[in-house]
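Peer 1: Please find one structure pasted underneath; my questions will follow.
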Amino acid sequence: MTSNQNPFTQSIEATDNFPYGFAELEAAAKEKLPTPFFGYIQSGASGEETLRNNEAAFEKYALVPRFLNDVSNLDTSIELLGKTYDHPFLLAPVGMLKMADEEAELAVAKAAANYHVPFIQSTVSTYSIEEIEAAAKNSPKWFQLYWSRDEKVSYSMVNRAEKAGYDAIVLTVDTFILGFREEDKRNQFSPLKKGFGKANYETDEAFLQSLSEHTDEAVIQKIVDHLYHPHLSWNHIAELKKRTSLPILLKGILHPEDALLAIENGIDGIIVSNHGGRQLDGVIASLDALPAVAKAVSGKLPVLLDSGIRRGTDIVKALALGADAVLFGRPFVYGLALEGQRGVEKVLANLIQETNVSLTLAGATDIASAKRMKVTRI
């Protein structure tokens with residue numbers, strides 16, 4: 001019997017030689033990518049304590065399944081900010097993806113569209129907002145915003161995303177200065193200074209007006225200048241809310257008090273994240289921060305988890321610990337590096353299958369029942 005005819009054995013039937021697990025994906029990508037490119041994608045900040053802890057945190061929690069439930073019909077759809085999506089995950093914003101594949105964000109957006117999964121575009125993409133919308137028309141897309149020292153540039157990019165039909169704005173709050181990246185120092189490599197992340201700036205009228213000269217060097221230096229914004233505060237968020245009708249989520253929340261302030265300031269959702277271990281090293285793992293943040297929010301707005309998701313079982317644990325959905329980045333970036341759009345689709349297909357099998361074996365029939373699942377710390 002084929003796998004379509006026999007669901008019982010579908011999860012053990014091989015498809016092709018594409019890597020299944022994250023460790024295999026990472027090893028294969030390391031073989032294929034130039035050392036500076038792989039180092040940038042794989043590494044974390046400083047001694048990489050947070051990078052390691054993000055993954056290790058999932059091993060500290062164990063699911064306690066329920067049996068003798070009818071699990072013949074599994075519904076993995078979620079509702080976020082008034083939209084319904086097929087699966088409980090989104091593709092995290094990852095910038096400068098031309099390091100992995102020439103088609104970069106275009107390939108990722110098209111792969112995400114094929115699975116009706118929201119693709120979150122980074123401010124420092126290789127392709128512009130408009131190019132990505134043209135490549136994956138009418139598919140779910142969110143825009144991640146790095147605040148600019150010139151606020152007119154921030155508002156301009158948000159307005160472009162809204163005009164292009166994007167569904168939400170994700171403001172990253174933990175990257176007003178770059179983390180201490182030892183691997184990039186060793187490799188003497190900065191993809192931003194190589195021009196990988198300039199597409200949204202080069203096509204932005206407000207940014208172009210801020211230039212005194214229009215050389216490549218001037219553009220890149222101005223981007224670097226704009227990204228340094230240690231003055232970012234709740235006052236800026238209040239002003240941003242006046243400039244767009246799109247829902248705004250804050251990415252980088254780890255403290256319950258900041259989650260409560262987000263509610264007070266009218267934020268529409270929060271993403272519990274430590275930037276994949278790439279910013280401040282030694283901070284709490286995102287999964288460890290999740291329960292307290294979810295408890296503080298108490299259902300008043302969506303809580304998403306980012307950082308450390310590698311497997312379908314990770315997704316199930318995050319849901320059970322309070323997440324409404326999760327984001328992941330490195331797995332799909334490695335898929336992109338290996339086989340372009342097709343590689344991203346293979347990563348998504350494997351993750352979906354493992355998530356579905358895990359939910360079913362744990363006794364869940366939908367995401368609501370997954371969120372009620374018992375989890376114990378071990």
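Please read every residue number as a count from 1 along the shown chain.
Just so it is clear, glycine is given a Cβ too, placed from its N, Cα and C backbone atoms.
Sequence annotations record features per position, and here TrEMBL assigns active site, proton acceptor to HIS275. Among the features that TrEMBL reports, glyoxylate binding site is placed at TYR40, TYR146, ARG181, HIS275, ARG278. Residues annotated as FMN binding site in TrEMBL: 93-95, SER122, GLN144, THR172, LYS251, SER273, 306-310, 329-330. According to TrEMBL, the feature domain 'FMN hydroxy acid dehydrogenase' maps to 14-378.
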Peer 1: Consider each pair of residues in TYR40, TYR146, ARG181, HIS275, ARG278, all listed by the record as binding glyoxylate, and report the largest Cα separation in Å as a whole number.
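Peer 2: The glyoxylate-binding residues span at most 19 Å between Cα atoms.
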Peer 1: Which has the fewest other Cβ atoms within 10 Å: PRO93, GLY95, the binding-site residues listed?
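Peer 2: Least crowded of the binding-site residues PRO93, GLY95, by Cβ count within 10 Å, is GLY95.
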Peer 1: Indicate whether GLY95 (FMN binding site) is helix, strand or coil by DSSP.
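Peer 2: Its secondary structure by DSSP: coil.
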Peer 1: What residues, ordered by sequence, lie under 8 A Cβ-to-Cβ from ARG181 (glyoxylate binding site) and sit at least six positions away in the same chain?
Peer 2: TYR40, SER43, ALA45, ARG278
Peer 1: Would you mind sorting out which of GLN144, TYR146, LYS251, ASP306, ARG330 (the binding-site residues) have a C-alpha within 10 A of the one on the residue listed as 'active site, proton acceptor'?
Peer 2: LYS251, ASP306
Peer 1: Applying a 10 Å Cβ distance cut-off over all chains shown, what neighbour count does TYR40 (glyoxylate binding site) have?
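Peer 2: Result for TYR40 (glyoxylate binding site): 22 other Cβ atoms within 10 Å.
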Peer 1: What does DSSP call ARG278 (glyoxylate binding site) in the simple three-state scheme?
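Peer 2: In the DSSP reduction, ARG278 (glyoxylate binding site) maps to coil.
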Peer 1: Cα of ARG310 (FMN binding site) to Cα of TYR146 (glyoxylate binding site): how many Å, rounded?
Peer 2: 25
Peer 1: Given the model, what does the mean pLDDT over the domain 'FMN hydroxy acid dehydrogenase' (14-378) come out as?
Peer 2: 95
Peer 1: Relative to the Cβ of TYR146 (glyoxylate binding site), which residues of the same chain, six or more apart in sequence, are found under 8 Å away?
Peer 2: THR123, VAL124, THR172, THR175, LEU227
